[in-house]
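Reviewing the structure listed below.
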């Protein structure tokens, strides 16, 4: 939402936000190697005109607010997480994972992003993760980066469907479907990758999740949910819902396929999708990377 509409629990929290805004340039220059991109948005109103034009105060402030909220408006906590996130993005290059890299088609078949502009608040953008399909590509988990770059890329594409200035579409919903998953196809490599992904999302994507549904989870696999809870904050875990029967998902939000108890198109592939194009600043950075690689 626009900067003047941000809601602070107290005047002290507002002052903490203003401090972070004022000290952000120094933080980025001194502790983040000048890297100022966050989820495709520019955090600083600096640089040549052709770069500075990508800055939006409202978007930058909305993102800073999320980091503060995730840390109970602790300045030190928010700064630590923000600095860590910007340095991770500078090194990992998640925008490239989302828009410039090709991923194994077996992985691509295990994840979908749907978008319904008429859906209830913050259920418009949904990422679907079909873990049962990963049993056919366990070989890909031996190199953890293969799966992690795919999974982060899916997350980043989903973020492009959000509108940080719209309180009804500033967070996403996630569905993790464990149909056809058994203890036999969750080997050590899969578990290690899962833990790394959970840690990445907890550390570097604060306040972007509205709700997460674990569906078709057999009792014998409840440990998966327990592992996830162990890696996330209590605030995040309160957004989790576990459903043994996937057809009950329709009771929580509309627009889901028949397999989940809804009346939408029969398959996830038929659900309406967002454009998922990179933001203007993300596109500029991607083109810059390509140009530098060619040089």
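Each Cβ is built from the backbone N, Cα and C atoms, and glycine gets one as well.
What Swiss-Prot records for 131, 151, 176, 178, 212 is heme binding site, and it gives similarity to another entry as the kind of evidence. According to Swiss-Prot, the domain 'CRAL-TRIO' annotation covers 100-268.
Here the features listed in Swiss-Prot are painted onto the structure.
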residue: 131; record: heme binding site; Cβ neighbours (10 Å): 23
residue: 151; record: heme binding site; Cβ neighbours (10 Å): 23
residue: 176; record: heme binding site; Cβ neighbours (10 Å): 21
residue: 178; record: heme binding site; Cβ neighbours (10 Å): 23
residue: 212; record: heme binding site; Cβ neighbours (10 Å): 21
List the other residues in this chain whose Cβ sits within 8 Å of the Cβ centroid of the heme site residues 131, 151, 176, 178, 212, in sequence order.
129, 130, 174, 175, 177, 214
Farthest-apart CA atoms of 131, 151, 176, 178, 212, residues recorded for heme, distance in Å:
16
State the three-class DSSP label for residue 131 (heme binding site), counting H, G and I as helix, E and B as strand, and everything else as coil.
helix
